[in-house]
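Below: the structure, in structure tokens.
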Amino acid sequence: MLLTPKMMISSWLGKDAKKILKRKDSDAGEKGKALEDLRASLFNRFRSPETPKRQQQQQQTHRVCGPTVALTFNFFVAISIIFMNKWVLKNIGFEFPVFLTFIHYVVAFILMALLKSFSLLPAPPPSSKSSSLSLYTLGIVMSLSTGLANVSLKYNSVGFYQMAKIAVTPSIVFAEFLWYRKRVSFMKVVALTVVSVGVAVATVTDLQFSLFGACVALAWIIPSATNKILWSNMQQRENWTALALMWKTTPITLLFLVSMIPFLDPPGALSFDWSLANTSAIFLSAFLGFFLQWSGALALGATSAITHVVLGQFKTCVLLLGNFYIFGSNSGVVSVCGAIVAIIGTSLYTYLNTRGQSLKASSSSSSLLDKKSRFSELKDDEKNLLEPYGSDAV
């Protein structure tokens, strides 16, 4: 009698081995395979889950340290450069605001080139058609925003210059709703309204402007709002760093600033008295301009465009109250009360933002806990399903 391979295996391994082979050919081939596929897919989904406590600590560190440092850095640099640019344009007599902006960006480009030569400049993310278009758009609006801001500062008082910033807030809210469908809660609208009214009252006594300066201030509003929105979204959505984005957009900005100089600056920039004192003041302003652009980009990447505008309004009120309490300047009771109202509105907006971020962090933590519990339940279910098949089923 000729023995088949199956009969030989049965005789060698015995009855128990035969049952195991049969079970693996049938049950493990159906239920076991399906269970393995489900287990593999869910394992990939929940792979290396962080503990909720650890993720909450990371989110809290980013929420408190990152935005706080960026906003504080931008706060002090912005106050310094406003006074420095006003000093250069008025006291030194450098009446070329767009050319001054051009010098700022040239110095910034040189500093970033030095960082790049030492491999300290972060690498940009992979480019695409959409990001290239956004880079060109950002470079253009940066030249308009910064150039027109210095022209407005030359022909208008600091109070009117800050008053024009009030219109940037509703412009950003409206533009973000149209482009990204972002909605602002009713309480945040109330807080932003309080800030705007407070700044308007605080600066009403310093509204010195010319017709040309007022037109420039109005033309500056839309590029300024667009600039802040693009800076914020390109860093948060496309993973750009502040310095990498500055490196890519600065050449475009320089090109458009050169084209703006003949139309907005008077002739005679090269015949200016380039003494050591004047040149030092101009280049000090340029260094502050680099730090202002960098700190502003960091703040926009860590927060949002609206938060950055609210910070600008807060700076106005702090300057006014500081002049009143420290230097004894007579700003008037109305202006001081307006500044206090604006600071209250800023505090309310900050509280609403912080509370919203805390709610997001807690909901994210609860979601992770739910996923972890579901993963544990899945493992228990797998054990229960595999128990009838013994330890060799998988």
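Please read every residue number as a count from 1 along the shown chain.
Cβ coordinates come from backbone N, Cα and C, glycine included.
Confidence in the domain 'Sugar phosphate transporter' (72-349), given as mean pLDDT, stands at 84. According to TrEMBL, the feature domain 'Sugar phosphate transporter' maps to 72-349.
TrEMBL lists 64-84 (among others) with the feature transmembrane segment.
Marked as transmembrane segment by TrEMBL: 96-121 (among others). Within its own chain, the transmembrane segment (96-121) has Cβ neighbours under 8 Å at 85, 88-89, 143, 146-147, 150-151, 153-154, 243-244, 246-247, 250-251, 253-254, 257-258, 260-261, 264-266, 269, 272, 282-283, 285-287, 289-290, 293, counting only residues six or more beyond its boundaries.
According to TrEMBL, the transmembrane segment annotation covers 133-153 (among others).
As annotated by TrEMBL, transmembrane segment applies to 159-179 (among others).
Under the heading transmembrane segment, TrEMBL lists 186-205 (among others).
Residues 134, 137-138, 141-142, 144-145, 148-149, 151-152, 154-156, 160-161, 164-165, 167-168, 171-172, 175-176, 179, 245, 264, 296-297, 300-301, 305, 308-309 of the same chain, all 6+ positions outside the transmembrane segment (211-231), place their C-beta atoms under 8 angstroms from a C-beta of that stretch. The transmembrane segment annotation in TrEMBL covers 211-231 (among others).
The transmembrane segment annotation in TrEMBL covers 243-264 (among others). Distant neighbours of the transmembrane segment (243-264): 96-99, 101-102, 105-106, 108-109, 112, 115-116, 121-125, 135-136, 138-140, 142-144, 146-148, 151, 216, 231, 234-235, 293-294, 297; these residues of the same chain sit at least 6 beyond its ends, with a Cβ under 8 Å from one of its Cβ atoms.
Per TrEMBL, the feature transmembrane segment maps to 276-294 (among others). Tertiary proximity for the transmembrane segment (276-294) is limited to same-chain residues at least six positions away from its ends with a CB under 8 Å from its CB atoms, namely 73-74, 77-78, 80-81, 84-85, 87-88, 92, 94, 100-101, 103-108, 111, 242-243, 246.
Sequence annotations record features per position, and here TrEMBL assigns transmembrane segment to 306-327 (among others).
Annotation source TrEMBL lists transmembrane segment at 333-352 (among others).
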